[in-house]
Amino acid sequence: MAHMVGADDIESLRVELAEIGRSIRSSFRRHTSSFRSSSSIYEVENDGDVNDHDAEYALQWAEIERLPTVKRMRSTLLDDGDESMTEKGRRVVDVTKLGAVERHLMIEKLIKHIENDNLKLLKKIRRRIDRVGMELPTIEVRYESLKVVAECEVVEGKALPTLWNTAKRVLSELVKLTGAKTHEAKINIINDVNGIIKPGRLTLLLGPPSCGKTTLLKALSGNLENNLKCSGEISYNGHRLDEFVPQKTSAYISQYDLHIAEMTVRETVDFSARCQGVGSRTDIMMEVSKREKEKGIIPDTEVDAYMKAISVEGLQRSLQTDYILKILGLDICAEILIGDVMRRGISGGQKKRLTTAEMIVGPTKALFMDEITNGLDSSTAFQIVKSLQQFAHISSATVLVSLLQPAPESYDLFDDIMLMAKGRIVYHGPRGEVLNFFEDCGFRCPERKGVADFLQEVISKKDQAQYWWHEDLPYSFVSVEMLSKKFKDLSIGKKIEDTLSKPYDRSKSHKDALSFSVYSLPNWELFIACISREYLLMKRNYFVYIFKTAQLVMAAFITMTVFIRTRMGIDIIHGNSYMSALFFALIILLVDGFPELSMTAQRLAVFYKQKQLCFYPAWAYAIPATVLKVPLSFFESLVWTCLSYYVIGYTPEASRFFKQFILLFAVHFTSISMFRCLAAIFQTVVASITAGSFGILFTFVFAGFVIPPPSMPAWLKWGFWANPLSYGEIGLSVNEFLAPRWNQMQPNNFTLGRTILQTRGMDYNGYMYWVSLCALLGFTVLFNIIFTLALTFLKSPTSSRAMISQDKLSELQGTEKSTEDSSVRKKTTDSPVKTEEEDKMVLPFKPLTVTFQDLNYFVDMPVEMRDQGYDQKKLQLLSDITGAFRPGILTALMGVSGAGKTTLLDVLAGRKTSGYIEGDIRISGFPKVQETFARVSGYCEQTDIHSPNITVEESVIYSAWLRLAPEIDATTKTKFVKQVLETIELDEIKDSLVGVTGVSGLSTEQRKRLTIAVELVANPSIIFMDEPTTGLDARAAAIVMRAVKNVADTGRTIVCTIHQPSIDIFEAFDELVLLKRGGRMIYTGPLGQHSRHIIEYFESVPEIPKIKDNHNPATWMLDVSSQSVEIELGVDFAKIYHDSALYKRNSELVKQLSQPDSGSSDIQFKRTFAQSWWGQFKSILWKMNLSYWRSPSYNLMRMMHTLVSSLIFGALFWKQGQNLDTQQSMFTVFGAIYGLVLFLGINNCASALQYFETERNVMYRERFAGMYSATAYALGQVVTEIPYIFIQAAEFVIVTYPMIGFYPSAYKVFWSLYSMFCSLLTFNYLAMFLVSITPNFMVAAILQSLFYVGFNLFSGFLIPQTQVPGWWIWLYYLTPTSWTLNGFISSQYGDIHEEINVFGQSTTVARFLKDYFGFHHDLLAVTAVVQIAFPIALASMFAFFVGKLNFQRR
């Protein structure tokens, strides 16, 4: 039940939990007393010494000083007394044995008020170090003539990864191997920059998107991708990057949040702290302690305890973790799982802070931080930047931070500003000089304009003109190149060049400043850390392993009841059945390891991040992943053997039972190792699954069962001996058929067992069992070595080599410079006119009011909270919310993280899929009806979910086609789409592919603007926007808000949640709704001129500090209404609002607006959706076709798989199609078709799961928006598959038919094509069906293997229809593969009446098919109908369940 609760929703409860924890502290009196100050006993002077009269304390400290060095470094004195106790004192504690409660209380005592107490703690530490005359290590980072270049492939037309473009690229790569050259271009990302980042100063990196900020941060921290070429020199304290380990010396904090979803926040940071080690803290602590002892100084107990606790290496739980979580505000969610797209966890803002916490918990002294405050409210962002400022100033750290929208208060905390644009540095110097520099260039920052916003806009072509302040001089655009040159001529720029011209004096560098060792811990400790984490993840994924075991039990039950001993005789015919049962066991255990592919591939992104940051070597990750799978593999193999051995009726000897079990265990563990190895090599889920399918195909076809080794072409027999499954087959066969009960002599003078082995080409002696076992162990070792080597030497799977269109290249290279001036003049002239033009293009809509009264929202109490003592059944997340949103009024919905902003929007928009809603919601006075409300409303979600394989323009067109009223003609729609693209400034990237978040395609801010455009183009009357400016820089945010304001001015109702508004953006809103933690309202009303009303309201509360001049009202408002202020002043802002005259006025307004206007009518539409069903289907089919055409990883890979598989089978079964003389030759041909049908289908199903799940997430958003019906979506998805499936089926027939040598008849060729086409359709539609009934890819991937058990066992090959027990015959007829093989074999051989020798008797081919397999040539028409019925049935179930089930938890 815990997964049903949103992270934002329950964050407030975490705070309450913390408060309750503090209130019941008396129950932990012993722990509490350990940390209370006893000022009556002693006082600490300014220098930290203790008064002379505290003799007892001095004696206790002397005891510690006499301890051995190691023990002394781990021992300290902590207060041991309570204010209520008459006797007080201290006790000696071991800092390595602090419990969770002790660590929590210690941090709570050290840091009550984060901003002030963190500063005090850092000052105390610095004072202690300075007092003994020590210097802290510092790092000065220099970069000279730094240039970063990307090599791109130039293509004609749009640079989109279509199947055709990808095929051409593959061919061009092959051509390059011959020495030929392709058309390439080099694009400068960073262009010849110089600079110095000094220690002890906090530097802000500003610049528009795509200006090179991230690349610069990565280059300076030594984390640049290999596909980028870097020249110039970067040095730390005079040392080049290749002279030390920059990844250990500095920390790069990415803008992307990559974490393991199954771990909690605390576990993630603890693991990071453990792997990063303590750096020089131990040496510093020992030296400080030594010098204090020499000088007779007794330190402050709190500081000593803290410094010693964070100086101990390798602890599983670190006090530093508690400290970092506290200062970043993550302590309230420390025990919550991180979660992912489909699994509830912490909020986006908390995830962003966790990314920062993961790195700063380490000992590094240089931080390069990329957009660390995205998604955070301005108050939290200020607090984090303030902590960084304190860290930089007091610890003399080197900190460079990239921010998108820093509030003025946060901006003022920085010492230096670095402004970038187009890969150049426009300014790098003191913050106080930057405005003077631009004023000298002719530009002035207006009053009440944030300086950071001004800096990002003044370098933009479209915004620069408004800041020109020379009224007597004409304005002309000042380019980035000109600004950069002016800066170099400035005294600050010249000073940088002068400093760089003199080499850094290395003798000044502290010995501990740079890290020269790659890893922080000894190998054994790294191994223990990694194996502990791997064990934790296995426990968290227990459901997967239980599900797999249950599935194995089910498969074993089916197998043993099919091959049950009562039906199995000791003869040559049933010997074939025993052989089938053994082979099936091998296949089951082989395929059981298949989920290891996706589980390994999904974690590789986090692994490569941590490997890049030198957390641990690859072997420390690989060995635990291998070792911990041994008991699982052992258990699953034992379960299978115990269930099946005696029921099937294998030889009843204990030794042979255990030998079969040991061999099956070796096969199972080898398969797990093989799939893990393939995942490490191919890295992505889709590519790994394709490779895994090839792996299964290879092991299956060369195992010696489908085609005996003697029948294989001589040049392919190596495949048999290079195959792990072959050794499993040999070992199991000799173990069973060399048993005494198979020793009956046959007419050929061989025993029955030998005869069976000979027919299968397995005539080996008993020693081959041990050879096979050793071979399997060898394969296991080999696969795990390759797994480790792949992790060690392969790089992170980045997006493929960049492609660029010729037009875009020309633009970047400046071939259009001649038109630049005229273009600029035109754009600057057009800018103010644009709004009027937009106003003319207002599509018809009906203004609507949203009112809500006494709105409450509850969810079921999470299980973990019940475990902590909460006995309530429900958890309240919104409490008595009353308000109204009116047409033409732009409303801001604000509050700290966890206040319930998104929850309120979700409830009003009808997006909640769980929980309980109370209260009254009305639209223009009428009760809200969700079906009609979806038609008139738009919702910009916080997570930007879009189809990755279509362009920006196509995404907007698609939304317009499906959501605009059908009365609007196509020309108007096209014009409106163009206008929306221009308004949101997406017109310049309209041909760019959307891509996958954090991997390829659009940047974060471009993706955010696309989300807004997709909703605006629907022309809704009501628009809800959840953090529309998060992830945007100040200029992009201003563009978006300007567009939103223009839309609101047309009479629409718009509500935006917003986190970090600048003054301009905040004051663009007309009204404000402010929530506090717990979902309670503390203000609703107008903002007023310069936010006058909101300021007056809060300043009227006694003891609230007045707002400072030019202070951001949004930040001030959040600060003065915070929970800490409420506690400090003893007030409840929700109660103050409830008792105010403003509340009474608002209540009256809501009552008034809740009544419909006279003569008005409720919203009604002739149909549920804007478009007819046919219109929906056409639009969906259009998008799906584009998406498929641009998905080479899915479509091209499966076509290649089909081609290669067909070639392998064709070569292996060369000309066997008409070579029929014995039953074995018939089995061989049957095996070829059986193998191809099964494995082409399995590959299609497995590779389709990931693709369909991605599209399903998009579908959830589009369905919520009321864009189309489930049946239209399902049919569009189903129909799009058909041409690609047909191509695969055609490949199969064209390649295999002549190679295997089937009968050359058009009739038989058609049947082959038809059978394979229906089979592949069935497998693909099965993938759709599985995705529609499962919550995530992992469960679907496991569930699919259960279907494969039936598809394999009941296909008619392993056990023919005539031998299937009566209680299972129904499953045979429900198995699609049985009908596929029936259709193929019957059509091919059902009319062949040649003589064939079957088990020593003569019969015809047609009679053998009928008597042994149950295939009737005269029933082919029935077979044809059943074959097409399977895909139709699965497609219908997909359409049904995709409409009925919703696994998105909100």
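Backbone N, Cα and C define each Cβ position, glycine as well.
Since the structure is predicted, the reported quantities are computational estimates derived from the model, not experimental observations.
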Transmembrane segment per Swiss-Prot - which of 399-419, 1260-1280, 1365-1385: 1365-1385
Number of other Cβ atoms within 10 Å of the Cβ of Gly900 (ATP 2 binding site) across all protein chains: 29
Between Pro209 (ATP 1 binding site) and Val896 (ATP 2 binding site): CA-CA distance (Å): 27
Mean of pLDDT values spanning the domain 'ABC transporter 1' (175-447): 87
Among the ranges 1226-1246, 1282-1302, 1313-1333, the one whose Cβ pairs under 8 Å to the transmembrane segment (1339-1359) are most numerous: 1226-1246
Local Cβ density at Pro208 (ATP 1 binding site) - other Cβ atoms counted within 10 Å: 19
Selected stretch (most C-beta pairs under 8 A with the transmembrane segment (1226-1246)) from 544-564, 661-681, 687-707, 1194-1214, 1282-1302: 687-707
Other CB atoms within 10 A, centred on Thr214 (ATP 1 binding site): 21
Cβ contacts under 8 Å made by the transmembrane segment (1282-1302) with residues that lie 6+ beyond its boundaries: 1188, 1195, 1198-1199, 1202-1203, 1206-1207, 1209-1211, 1213-1219, 1229, 1232, 1236, 1240, 1244, 1308-1309, 1312-1313, 1316-1317, 1320-1321, 1324, 1388
Positions on the same chain near the transmembrane segment (773-793), where near means CB under 8 A and six or more residues out: 607, 611, 617-619, 621-623, 626, 662-663, 666-667, 669-670, 673-674, 676-677, 680-681, 724, 727-728, 731
Surrounding CB atoms that lie within 10 Å of the CB of Ser897 (ATP 2 binding site), all protein chains: 25
Most Cβ pairs under 8 Å with the transmembrane segment (581-601), selected from 544-564, 687-707, 1194-1214, 1365-1385: 687-707
Binding-site residues: Ser210, Thr902 - member with fewest neighbouring CB atoms within 10 Å: Ser210
